[in-house]
Structure formats: structure tokens, C-alpha cells
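*Asks:* First the structure, then my questions, so here it is.
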Amino acid sequence: MDLQNLGLVITISAVILLVCNPSTVTAGDIVHDDDSAPKKPGCENDFVLVKVQTWVNGIEDVEFVGVGARFGPRIESKEKNANQTRLTLSNPRDCCTPSKNKLAKEVLIVERGNCKFTEKANNAEAAGASAILIINNQRELYKMVCDRDETDLDIKIPAVMLPQDAGASLEKMLLNNTSVSVQLYSPRRPLVDIAEVFLWLMAVGTILCASFWSAWSAKEAAIEQDKFLKDAVDEIPDTKALGVSSIVDINTISAVLFVVIASCFLVVIYKLMSYWFIELLVVLFCIGGVEGLQTCLVALLSRWFRNAGESYIKVPFFGALSYLTLAVSPFCIAFAVVWAVYRDVSFAWIGQDILGIALIITVLQIVHVPNLKVGTVLLSCAFLYDIFWVFVSKKLFKESVMIVVARGDKSGEDGIPMLLKIPRMFDPWGGYSIIGFGDILLPGLLIAFSLRYDWLTSKSVRAGYFLWAMFAYGLGLLITYVALNLMDGHGQPALLYIVPFTLGTFLTLGRKRGDLKILWTQGVPGRPCPHGYLQQNQELDQTSEKSCKY
């Protein structure tokens, strides 16, 4: 097997893996309400993350993050309006009985357990506390709710849950220092972060590059094929010589199986989510990323180093390789290895995005949607896939499978690598804006098809389909981010908005212009073969027959 075919196998395998990706979500989201914690009068706050800034002996120290309770007043959102208040330990520590000490508006730190959260808050308020910090007995945060039969809910001080390690640090501060103060506030996320703008540009730009490369290759192949068929009818060209072998056309059955396999793989990731499994996904991502980056660099550099790109040498196992490929491959491998080793550093997202974009462009260059029928089946299945695994899966698994996989909640790591991400720049909570590969790759297959059709039929920009499909995709992705912000950080399936816009625009224009039948079945208008071509090839295979219609 030569390197080209090996890379083709790896890349197509990557398609199956990478389509199983989370939809657009925002890392570091606030903790939201859920159906298991219903609201009631006096206990109807949304769950919000709370910053707990500390001062030790008047000097600013570490900051902790907790979660606000369902009960009590809303926590101040602006840091400048939040008060710096002295912190003190509760006596008794669980605050399940009236406090033995009278307080002067201090913030009381108490331990979880032995009584209800609301009972602790009422006792702290009666003692004169201005707020209560409840330390969880585990490292995770916990949502503080009210029982259905509770009535004593007129609580006028805020309550915040802190994880166990934060509580241990605060207690150590109090025991070792004379004065510890805290400031509680819950800043709101900005309506739009510039990271989302850059992510939108990355997604749109990736599809643009991939579509033009795919259309240019298809047009070059058509021109070359016409030349062979016109000048050498007696010598029927091998389809491999025309570059057809490197293209994989999806059919309707594979489009359905594509999404079924993706669903199975998503469940496997969800069930096996762990450190070692994330490491395995990182290795697979690096293999696909190396292939994608190498393909893109070789195609780009071959314009300046034509001789190196057209000169080959035989390499054991890999077959014939160009000198340009041999020169580029070590760099691509080193780039992926360095990213894998240092992927936890703050700027590692840059390397991940470069590898991801290169892989998506390569896949869109190799994998083609042959007609609108296959594109419709593929995107429709993907549409249902996204909705099911974001929303419906909550009913079966008690949580959104896709969101859990996106964040890597069960792995102890920052989610799977099969996504593009950019750090949120003006968000007080930090985190990343992310988009899954499938939200670019799947619509990109249809958009790349539209440009190939426009070029092969010599349609103008306005009379063609690519411009409008590209506009519809950009609009659908924009609406995804608007919905994401309006939903206050809830994970949103991007294909829920992208598919109706992109596919709907294509179908509507095709029907209006009278091209729908050709788009639906052939993909490109048929062209007659040169005289004598069919007579000389009675055993013409399906691939050659298709190329004659190109």
C-alpha cells in the first residue's frame, strides 16, 4: 500500500471518528437549573457560578469559584458593587443549631451535613451573618435546593456552595492569619465575545478554502479528461491517471450508516470516557492531523517547487513518494507530536486548530457528495443525530451525552480534541468557544458540491448555488451563537440551525431555477461521450461511465 492510499484510508477513517463530535457549546458555562430541582416561591433562583475573592491581612489572595443556592437573594453581578466582608468560622461548624457567637455582618463558613441547607442559612441569618459559605464534603460542586415540603424560605442572605479543597484552604487561612476577608459576586457573561467572531470566520474560511480546492481539482480533472477523450479515443485512459481514484463518493446507504456509526462511536466515548481513552483519541487525531497538514502543505508548496513535487523515489512499505512529501512529512509529524505533548498549555489551541482545519480541508477534498439526493440524506440524518444526542439523550442517560463528551466531564481532561476552539477573551469566567468538526465538515460536503456544480456548468456567481449556500451556512452558524447566548450558555446543536438554512436554500433555489432534477440525481449535467467511445468499450465500468458524463 503506497502512502497516498494509506493516507486515504486514515483520512476516511477520521471522517467516521470526527463526525462524532459535540455541537457548539461554551466551556466554563454557569451551572443551570434542572428538572430534578423545581422552583417554588422563595426558592426560585437560577444556579449561577460565584466568584469568591479573598484578602489575607489586607492583601489580595486567591480566588475560588462556588455555586449559588436556589434560595436567598440574588448575588451581586458587578465586582465594583460587591462588599469586602470579614470571614469567620461557624460555631458549631455545621450551623445546624443556633450560632454560639453573635456576628456583625460577617460571612460565615460552615460545613455541609446533618441538616438542610435552608436551616443552616436561617441559623446564620439569625446570628447576624451577611452571607454563608457552605463547604461541600466532596471536590465537586453541588446544587443547593429546597425540599418540596419546606415553608421557611424567607431567607435574606446569599448562600454559596464551595468545593472541599476551597474550604480547606479558607480554613487554613483563618487559622494562620488574623484577618481574612471575602468578596462575593457573580459576573454575567458578555452577550457576544470576540472569540465567537473569530470562530465563525474560521469555520466559514475553512469551507471556503476546501470548496475552492475541491472545485478546482474537479475542473482540472474534467479538462484533462476531455483532452484524453478528444485526442486519444483509441487509448481509453485509466481513471487512476485522471486522479479519480483519490475521490470517494458517498451514496445514500453510506450516508445513513455514517450517522449510525457516529452514534455508536459517541456512546462508546461516553461510556469509556477516561484519561486513557482521551489519550487514544489524541493519537488518532494526531494521525489524521499529520495526514491533513501534509496534504495541504504539499499541494500548496508544489506550486513553487514543481520539480520536487513531480520527482518520486521508492520507499519501502510506502511506495513511491515525492521529494516534496519526504521534506514536509517530518515537519508535520513533529508539529503534531509537540502539540500532543504540550496540549495542556494555554496556547495549545492554536496547534489544535491548525491540525483540525488542515484535516477538514483534506477530507472535503477527498470525500464528495455526488448529488443533492445524497447530500439531503446525509444532512437530514445529521440533523436528527444532533438533536437526539443533545436533547433526547437526557431522557435516556440523565444527561446530555454530547455535552458530556464535549467537555470531557468524566475524563479529568479538557474534552476530546476533535473540535476547533478559541479562548473567550472578554468573558470573566474564561473558558473556550468551540465548534465540532461535524458542524463544519457535514455542511461543507454540500457546499463544496455546489461550487463544483457551478464551475462545471460555468454558472456565474449570482446565478450559481455556492454563494447562496455559503451565505446560508454563515447565517445558520451566526444564529447558533445568538441562540447560545440567549440560552445563557446552554449547549446548542449547531446543525439544528445550519441544516435548515443551508439545505433549504439549496432545494428552494434548485426548484425555482429548474435545476432540481439534475442536482438531485446526476449532480452535474450529462455530456455526450466522443463518437466511437462507447462502441470501443463494451465493458465500460460504472466509474468510466460516470466520468463520460462529467
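The first residue you see is number 1, and the count goes up from there.
Glycine residues also receive a Cβ, built from the backbone N, Cα and C atoms like all the rest.
Just so you know, TrEMBL annotations never went through curation; they're auto-generated.
Features from TrEMBL:
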DOMAIN    92-170  domain 'PA'
SIGNAL    1-27  signal peptide
TRANSMEM  197-216  transmembrane segment
TRANSMEM  250-270  transmembrane segment
TRANSMEM  276-305  transmembrane segment
TRANSMEM  317-341  transmembrane segment
TRANSMEM  347-367  transmembrane segment
TRANSMEM  374-392  transmembrane segment
TRANSMEM  429-451  transmembrane segment
TRANSMEM  463-484  transmembrane segment
TRANSMEM  490-509  transmembrane segment
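Each of the listed features needs to be described in terms of its position in the shown structure.
*Replies:* Note on the domain 'PA' (92-170): its mean pLDDT in the predicted model is 86.
Same-chain neighbours of the transmembrane segment (197-216): 299, 353, 357, 360-361, 364-365, 368, 420-422, 433-435, 439-440, 443-444, 447-448, 450-452, 454-455, 466, 470, 473-474, 477-478, 481, counting only residues six or more beyond its ends whose CB sits under 8 Å from a CB of the stretch.
Same-chain neighbours of the transmembrane segment (347-367): 8, 11-12, 14-15, 18, 202, 206-207, 209-211, 213-214, 217, 246-248, 250, 285-286, 288-293, 295-296, 335-336, 338-339, 417-423, 432, 437, 440-441, 444-445, 448, counting only residues six or more beyond its ends whose CB sits under 8 Å from a CB of the stretch.
Cβ atoms under 8 Å from those of the transmembrane segment (463-484) belong to residues 24-26, 192, 196, 200, 203-204, 207-208, 211, 435, 439, 443, 446-447, 450-451, 453-454, 457, 490-492, 494, 496-502, 504-506, 509-510, 513 of the same chain, restricted to positions at least 6 beyond its ends.
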*Asks:* Tally the residues of the domain 'PA' (92-170) by DSSP class, grouping H, G and I as helix, E and B as strand, and everything else as coil.
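*Replies:* Summed by class, the stretch gives 17 helix, 14 strand, 48 coil.
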*Asks:* Do any residues, 6 or more residues outside the transmembrane segment (317-341), come within under 8 Å Cβ-to-Cβ of it, and if so which ones?
*Replies:* 1-4, 6, 282-283, 286, 289-290, 293-294, 297-298, 301-302, 305, 308-311, 348, 351-352, 354-355
*Asks:* Which range wins on Cβ pairs under 8 Å with the transmembrane segment (374-392): 250-270, 429-451, 490-509?
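*Replies:* Out of the listed stretches, 490-509 contacts the transmembrane segment (374-392) most.
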